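Report on one structure; see the data block that follows.
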């Protein structure tokens with residue numbers, strides 16, 4: 001084809017398999033990839049994407065930031081309300097526990113929905129079913145948010161105390177404060193003991209449910225993680241080796257057209273993104289696998305194994321110094337890992353925005369769509385719950401002067 005002006009650019013706006021799309025480009029421009037400039041908006045959008053509002057739109061990114069930031073504030077509040085310097089410990093602890101539970105209930109299903117959506121869009125792209133709206137950059141963003149949305153749940157899952165209004169629920173024997181109360185027996189009745197034990201069982205059942213849901217999120221994240229690993233370490237289709245579908249020179253011509261005047265991502269940045277993603281996902285995986293292992297070697301069923309682990313300080317019991325140290329470590333490390341994934345999302349999103357505008361395309365992520373509103377509103381119940389408790393503080397708050405005599 002000598003006259004490239006007759007090329008129908010609309011036919012190049014979507015692709016399925018990379019190999020077939022490169023073949024279509026070669027035929028359309030008679031092997032001269034420099035002529036991609038005549039259809040750069042369509043070609044660049046098909047190869048790298050022009051954004052996907054339901055993945056990286058402004059509303060979705062706000063949701064990712066909220067999910068990552070709220071647990072940090074909850075962890076700080078929990079630390080302050082459980083420290084010895086706290087002057088309003090019961091009331092503060094109550095607010096933190098209710099806010100944590102409300103956040104968890106919303107965040108875990110937000111994460112599940114993100115994982116399921118990631119599996120659907122990535123599998124369609126990986127198996128060549130459809131890549132509409134799933135350019136290379138959009139796929140990288142999808143990999144990042146799959147890991148990002150799971151990270152904030154880890155410290156909460158590993159700290160049942162954050163869901164408790166006080167520490168008495170962790171005691172082996174129920175404690176009753178009856179001293180000095182007229183008409184109250186010195187010893188609790190069997191009914192009172194049974195009620196306290198039942199409450200403890202209910203709380204522990206909730207802990208197991210939360211861990212189960214978190215494990216489900218983790219299992220769903222396996223496919224996005226493997227998809228990223230395959231893309232990162234499989235043999236490249238660009239070059240002169242076996243399996244290559246386009247030469248490095250010709251691919252460079254396409255990149256020059258699409259990223260002319262754009263601050264592209266350096267090789268060191270790409271390696272950092274991949275490495276940080278691997279570290280983040282493996283960190284979550286190690287904690288989950290170890291927790292599952294401990295649940296399988298309970299002292300009642302495997303006393304020998306449990307004793308061996310205890311002697312080597314490899315067990316973690318609730319509300320012990322070792323468990324608190326683990327929680328503090330997770331509360332520090334997880335936000336740092338989340339920050340790296342947020343950096344990945346915003347860096348890639350910025351690159352995609354710059355490329356789309358430079359090629360004359362329309363950046364879709366600037367639109368505030370229906371799904372994005374939902375992603376922001378999903379965390380509003382945390383503020384609603386706190387507002388409700390403060391508004392009805394006479395029903396929930398313990399007066400400071402009575403805190404020492406209240407039966408919790």
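Heads up, residue numbers simply count up from 1 along the chain you see.
Glycine is no exception: its Cβ is also placed from the backbone N, Cα and C atoms.
Just so you know, TrEMBL annotations are computer predictions that nobody has curated.
Of the candidate ranges 303-324, 325-346, TrEMBL annotates residues 325-346 with the feature transmembrane segment. For the ranges 62-82, 167-187, 188-208, the feature annotated in TrEMBL as transmembrane segment maps to 62-82. Looking at 241-265, 366-390, the range tied to transmembrane segment in TrEMBL is 366-390. Matching 83-100, 209-226 against TrEMBL, the residues noted as transmembrane segment span 209-226. Using a Cβ-Cβ cut-off under 8 Å and counting only residues 6 or more beyond its ends in the same chain, the transmembrane segment (103-122) has close neighbours at 52, 54-55, 63, 67, 70-71, 74, 134, 139, 142-143, 145-146, 149-150, 152-153, 156, 163, 210, 213-214, 216-217, 220-221, 223-224, 227, 375, 378-379, 381-382. Between the transmembrane segment (134-154) and the transmembrane segment (366-390) there are fewer than 3 Cβ pairs closer than 8 Å, counting only residues 6 or more apart in sequence, so the two stretches are not in contact. Taking residue pairs at least 6 apart in sequence, the transmembrane segment (62-82) and the transmembrane segment (325-346) share three or more C-beta contacts under 8 angstroms. Proximity of the transmembrane segment (62-82) to the transmembrane segment (272-293) is not established, fewer than 3 Cβ-Cβ distances being under 8 Å for residue pairs spaced 6 or more apart.
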